[in-house]
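**Student:** Pasting the relevant annotations from TrEMBL:
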| type | residues | note |
| --- | --- | --- |
| BINDING | GLU4, GLU73, SER135, GLU188 | Ca(2+) binding site |
| REGION | 196-232 | region 'Disordered' |
| COMPBIAS | 199-217 | compositional bias 'Low complexity' |
| DOMAIN | 238-380 | domain 'SCP' |
Amino acid sequence: MKTEWLTVKGSFLYAGGHGVEYRDKNGSVVNEDQMWIKVISKTGEVRSVNWKDVYTKVRDFAGFPAPGYLTHEAVHWSEVHKKWFFLPRKASTTMYDEKADQTKGTNLLITADENFKSFEIVKVGVNNHPERGFSAFVFVPGTKDSIIVALKSKEVDGEDPESFVTVFDIRGNIIMADQKLGGSYKFEGIFLTKRPEPTSTVSSSSSSVSTKGTTSTAAPTRRPWPKPNCGNPRLTNGLRNLFLHMHNRFRSNLAKGQTERSNGWGIAPPATLMYRMKYSCAAESFAQQHAGSCVARHLPQHAMPGYKENIHILRNVQTTREGAIQNALTSWWSELARFGMRSNMMFYNSEFQRGNRNVLSWSKCQLVLTHIQIVRVQYGEIARK
């Protein structure tokens, strides 16, 4: 399940997906993973809950029975009203069609009591732009959960993604019509904070330095990022550091959502979460064994549990090892621009025809490993992550 919405109810965090079944071209249900949610306690215990009945009730009440659908990216529990609030992103009375889905945006606000026994539905303004759909919302503080600030997203083939912000009350009255946000991004989250009051108090985590009668406050020093330091002599720590640095530089550019182009979807949006990677000496052995075998195909998953791999063959034995690393990383990373990836990270049947993709840009990758093998007979260089 890919998390699309988060809300707090009582002492638990609720995390849910789109709330739809996946069907094949004949309409048969092949996957119901997105019908489940996670309920997370304050101490980190995670419980999986089947919400198929809930999503089905919401969908049927709104008038979109199967094989029609509602897709959800904006769901909240209101402690004030003791109700669930749903702002579906897409709504259709017919089975999913990738092209048609791009203009299935809704203007529906659906509420349900705590036990999903009774429902209400209102229309938020007029749905003049069905290519836009709700992607997130929050209640405005101090309004007793009566006013909502919401984000809308537009994702249409051949056009850059766009995001909009709007404000309305829970009766559907528009307070501020859609306002386009700058840049070609899809924003998937919104949070309101109070502006902090000015203060002269120095945090206890800071340090004060006195020089010639004046006092200044220095920010805490961040620990340096660990550099690779492995004992395997077949690869120098300098080469390992080059590989790690290029990984993190590419991932940093992607996380900022300013420069990395995703073919067919415009500039890739900013990352909600993108880990900075560390180098794993232990995992390097998997890459060394595979590259050393000169077998130009992926290992089966059981041969390297917990890892994913990329393979690159450079048919030029005249290059340096530094050049091989740079060539491999650049080639792998270019797949985002060549093949593209939906900003909502959903895979449809058409995705399998769009080409291979690497795992460099996966947000939750935390470890990286590499090995380079030079083979002068059959292959140039093989670098594996």
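Including glycine, each Cβ sits where the backbone N, Cα and C put it.
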**Student:** Considering the binding-site residues GLU4, GLU188, which residue's Cβ sits among the greatest number of other Cβ atoms within 10 Å?
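**Tutor:** The largest 10 Å Cβ neighbour count belongs to GLU4.
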**Student:** DSSP three-state call for GLU4 (Ca(2+) binding site): helix, strand or coil?
**Tutor:** coil
**Student:** Over the domain 'SCP' (238-380), what is the model's average pLDDT?
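**Tutor:** Within the domain 'SCP' (238-380), the model's average pLDDT equals 67.
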**Student:** Mind giving me a neighbour count for SER135 (Ca(2+) binding site)? Other Cβ atoms within 10 Å of its Cβ, every protein chain shown.
**Tutor:** 26
**Student:** Tally every other Cβ atom lying within 10 Å of the Cβ atom of GLU73 (Ca(2+) binding site).
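**Tutor:** Neighbour count, Cβ to Cβ under the 10 Å cut-off: 25.
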**Student:** Taking DSSP three-state, what's GLU73 (Ca(2+) binding site) in: helix, strand or coil?
**Tutor:** strand
